[in-house]
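For reference, the structure is listed below as structure tokens.
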Amino acid sequence: MRTLFIGDLHLSADRLDITKAFNRFLDTELDDADALYILGDLFEVWVGDDLAAPFALELARRLKQISQRLPIYFIHGNRDFMLGKQFTDAAGMQMLPEVTCLDLYGVSTVILHGDSLCTLDKAYQRFRKLRSFAFARWLYSCLPKRKRQAIANKIRSNSQSSNQQKSYVIMDVEPSAVDALFAQTHCKQMIHGHTHRPAIHNFTNGCKRIVVGDWYEQGSVLVVSADGVDLKSLPFDAS
């Protein structure tokens, strides 16, 4: 048996090729799986469950069917932090806290989206703190739909522009934040996404940090079993 981890698909109506690739993944990669974990940024942007796009609603129906035979877990990312219970219920997904510990075939593991580890990005961490307040999210949800969409588009545009000017170091995780989370959770393994830099990092103390990749040019899935871990790339169908 095996457990699968994915993240940073950034699904949108503008990139239906990614949705197609994800559906193919759901068709071909879930055999003998114990569970599927989605580590945030399933969608490129999410302004509210009441504004879910048709392709997202169709995906929810697909995931709901799969959830009848396979548990699907979801952790919020920085792009879909407004995704709520209405959608997760429709998709059959179980929402997890942003930092969750679990036992993976005898290995204590902490899973998260990963944006909280990029502590050198001070501007983003300020925004992250603001949107962590339930009142701020509630206030945003009370705005008219058109206003919410406009704000989301503005934030997305500013983020893309800002990221182009940030250094490689600032955009990556801060080692001290990684060490602190290992110490806080007492786990031996960490799995996250967000940075779009898929890799397996082994530490001298026996700990392991695994980063799942994004789905912009190809798919990425981490397969964990009793035999170990396998970080796989999934080429998109050229057709």
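Cβ coordinates come from backbone N, Cα and C, glycine included.
In sequence order, Asp8, Gly213, Asp214, Tyr216 are the residues near His196 (Mn(2+) 1 binding site), counting only same-chain partners six or more apart with C-beta under 8 A. According to Swiss-Prot, the feature Mn(2+) 1 binding site maps to Asp8, His10, Asp41, His196, an assignment based on sequence analysis.
Counting Cβ atoms from all protein chains shown, Asp41 (Mn(2+) 1 binding site) has 28 others lying within 10 Å of its own Cβ. DSSP assigns Asp41 (Mn(2+) 1 binding site) to coil, not to a helix or a strand. Residues or ranges marked as Mn(2+) 2 binding site by Swiss-Prot on the basis of sequence analysis: Asp41, Asn78, His113, His194.
What Swiss-Prot records for Asn78, Arg79, Asp121, Ser159, Asn163, Lys166, His194 is substrate binding site. Annotation for Asn78 (Mn(2+) 2 binding site): same-chain Cβ neighbours under 8 Å, separated by at least 6 residues, are Gly40, Asp41, His113, Asp115, Tyr124, Arg128, His194. Mapped onto three states, the DSSP output places Asn78 (Mn(2+) 2 binding site) in coil.
Looking only at other Cβ atoms within 10 Å, the busiest spot among the binding-site residues His10, Arg79 turns out to be Arg79.
In terms of local Cβ density within 10 Å, Asp8 ranks first among the binding-site residues Asp8, Asp121. Each of Gly7, Leu9, Gly40, Gly77, Arg79, Gly193, His194, Asp214, Trp215, Tyr216 belongs to the same chain as Asp8, His10, Asp41, His196, is absent from that list, and has a C-beta within 8 angstroms of the C-beta centroid marking the Mn(2+) 1 site. Annotated pair Asp121 (substrate binding site) and His10 (Mn(2+) 1 binding site), C-alpha to C-alpha distance, rounded: 21 Å.
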